[in-house]
2 protein chains.
Amino acid sequence: MLRKWQFLGLGLVLGVTALCASFVGGMYFQHKDARRRLQKLIRTDPYAYYVSPKIYEVFGFFGTQDKADHRMRQIMKYGFPGLDDLRLYSDFVLSYDRRNRVAHWVCEHLQVDSIHFVRGRRGQNPYQADMSVPSNFRSELTDYRRSGFDRGHLAAAGNHHLQQNHCQDTFFLTNIAPQIGQGFNRGAWNHLERYVRNLVHRFGSVYVCTGPLYKPKQRLGGKLGVEYEMIGLNLVAVPTHFFKVIMVESKLQLGKPYMEGYVLPNAPIPDDLPLRSFLCDIREIEHYAGLKFFDGLRRSAIFGSNYPSESQVFREFG
Amino acid sequence: MLRKWQFLGLGLVLGVTALCASFVGGMYFQHKDARRRLQKLIRTDPYAYYVSPKIYEVFGFFGTQDKADHRMRQIMKYGFPGLDDLRLYSDFVLSYDRRNRVAHWVCEHLQVDSIHFVRGRRGQNPYQADMSVPSNFRSELTDYRRSGFDRGHLAAAGNHHLQQNHCQDTFFLTNIAPQIGQGFNRGAWNHLERYVRNLVHRFGSVYVCTGPLYKPKQRLGGKLGVEYEMIGLNLVAVPTHFFKVIMVESKLQLGKPYMEGYVLPNAPIPDDLPLRSFLCDIREIEHYAGLKFFDGLRRSAIFGSNYPSESQVFREFG
């Protein structure tokens with residue numbers, strides 16, 4: 001008799017264990033399944049990506065951490081400068097200013113592959129309005145026509161040559177701002193873009209954040225004020241300045257990154273002025289733009305002002 | 001022998017069923033648990049709330065729909081006008097413009113309870129800077145001092161009397177903008193706020209969205225441009241206009257809501273000008289502000305322009 005009870009007892013224990021295991025298995029399955037779907041969402045939706053650390057904390061039951069490597073994660077590795085109307089394109093992330101019909105900022109992550117020049121590609125890329133922006137906030141080709149301003153790129157077309165659609169995306173008008181042509185878009189701004197590509201060639205991994213500024217200036221009566229033009233039927237703002245904040249990742253393990261910020265006036269700039277005369281304190285750019293760059297990084301480390309010339313950057317940082 | 005096999009078969013079927021049930025039970029438990037934690041997050045984080053419909057879709061395995069009633073859900077029932085730097089206060093939701101150091105918009109949901117006047121409370125509520133805004137983007141009391149401008153409320157203090165902290169929160173400088181005092185903040189703007197409270201008394205449930213405008217005007221040479229002053233060391237923008245978009249929920253079941261939009265210049269307004277002369281097409285306000293109001297609603301239904309006088313609103317809508 002005792003043996004029978006022992007059998008029954010063992011059976012019971014085994015059964016309960018199996019049930020428990022099955023229950024935990026069910027939890028695990030549901031957990032994994034939800035997480036997989038979540039990751040799919042996070043890859044395409046910038047706001048879902050932005051809140052994802054908090055969502056993962058909520059999911060914390062089995063202690064997960066998303067290690068998946070997708071484009072959004074690569075580009076936004078150091079945080080969002082701002083959160084207004086975020087838009088993911090094939091090779092850059094953009095925040096759109098619906099009031100001014102010009103982007104707040106555009107973030108890019110550049111590597112040697114992506115800036116490899118492919119001849120003749122540019123000709124096939126026409127400028128076009130981004131129809132995913134509601135019509136009330138959209139800038140159109142007609143706004144720029146006969147305005148006297150160039151359609152200036154924020155994320156440079158020359159930075160996105162890895163795939164055909166990468167380059168095409170830079171021609172959406174969300175990535176375009178009214179720029180003075182002679183002496184700016186075709187001058188100093190172009191030099192700055194080429195300087196960035198040189199940094200990529202030399203150091204391999206560069207993060208760039210580009211955008212417009214509407215800087216206040218002294219007005220009649222000594223008061224400070226903001227003044228800028230608006231062009232076209234859709235009232236596209238003409239920024240007074242443009243900024244580029246550049247972060248170069250060190251090739252050394254544990255090496256500190258290198259940061260520089262430039263502010264150029266949207267005006268003809270004499271050809272003999274060196275780029276480095278437009279170096280600007282990044283905190284000042286943040287103040288005027290209302291943005292926060294590379295939030296996760298300590299600023300104390302290495303800065304543009306440490307190097308008085310460009311060649312010194314190339315020589316000494318690394 | 002056959003009986004024994006039958007028993008074994010039955011046992012096996014029961015066992016597998018129990019295991020399956022336990023597995024599903026485990027899934028369900030994990031699902032419920034994650035959802036409960038998620039809801040807690042959604043109540044306090046505006047961005048989590050914004051993406052929550054998509055997250056719930058991800059969770060869709062057991063087909064859930066969040067029915068929980070919390071303050072954020074009540075106030076933002078008809079959608080977010082914009083998504084820049086969202087902030088939840090005890091009785092209103094605000095989007096902060098870090099570039100101008102003034103809010104983009106403030107949304108309130110008003111009911112009769114909340115506007116019940118409590119004597120003497122206002123005196124205890126001092127204006128204060130919101131320390132949760134990074135210092136680089138924060139407006140301070142000193143910015144307004146000797147500026148010649150009133151500290152004008154966007155969400156009116158008189159709309160939030162249900163709890164002491166509700167009223168206190170309206171005195172945070174994030175909810176304040178530089179307004180002309182004589183003839184505006186103490187004149188027409190005050191009339192507009194009182195008119196909104198009358199609507200609440202009459203109809204019970206009113207949604208209000210308030211914010212600044214920086215309207216372009218004709219400049220020298222016939223070009224359109226934006227011009228506005230900035231005050232204080234932190235450069236707080238002085239809006240050229242202020243808007244209020246009002247949505248009154250019908251008391252009738254299936255009744256259509258009623259919408260009105262006002263735009264008042266930030267200037268002394270003669271006392272004899274009727275409020276209704278400042279009625280403005282809501283789509284026009286949206287264009288200048290870069291915002292989208294009560295997105296979920298069809299605009300065709302009932303509009304301010306249908307009623308030439310305020311008394312007619314009170315008489316005919318309901």
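The backbone N, Cα and C atoms fix where each Cβ goes, glycine too.
Small disclaimer: the values here were computed from a predicted structure and weren't measured.
Annotation comment: TrEMBL describes A:6-29 as transmembrane segment.
According to TrEMBL, the feature domain 'DNA/RNA non-specific endonuclease/pyrophosphatase/phosphodiesterase' maps to A:88-300.
For A:89-300, the entry in TrEMBL reads domain 'ENPP1-3/EXOG-like endonuclease/phosphodiesterase'.
Look at A:H153 (active site, proton acceptor): DSSP puts it in a strand. The Cβ of A:H153 (active site, proton acceptor) has 23 neighbouring Cβ atoms from other residues within 10 Å, across all protein chains displayed. What TrEMBL records for A:H153 is active site, proton acceptor.
Summarising the annotation, TrEMBL assigns Mg(2+) binding site to A:N185. Annotation for A:N185 (Mg(2+) binding site): same-chain Cβ neighbours under 8 Å, separated by at least 6 residues, are A:D150, A:G152, A:Q179.
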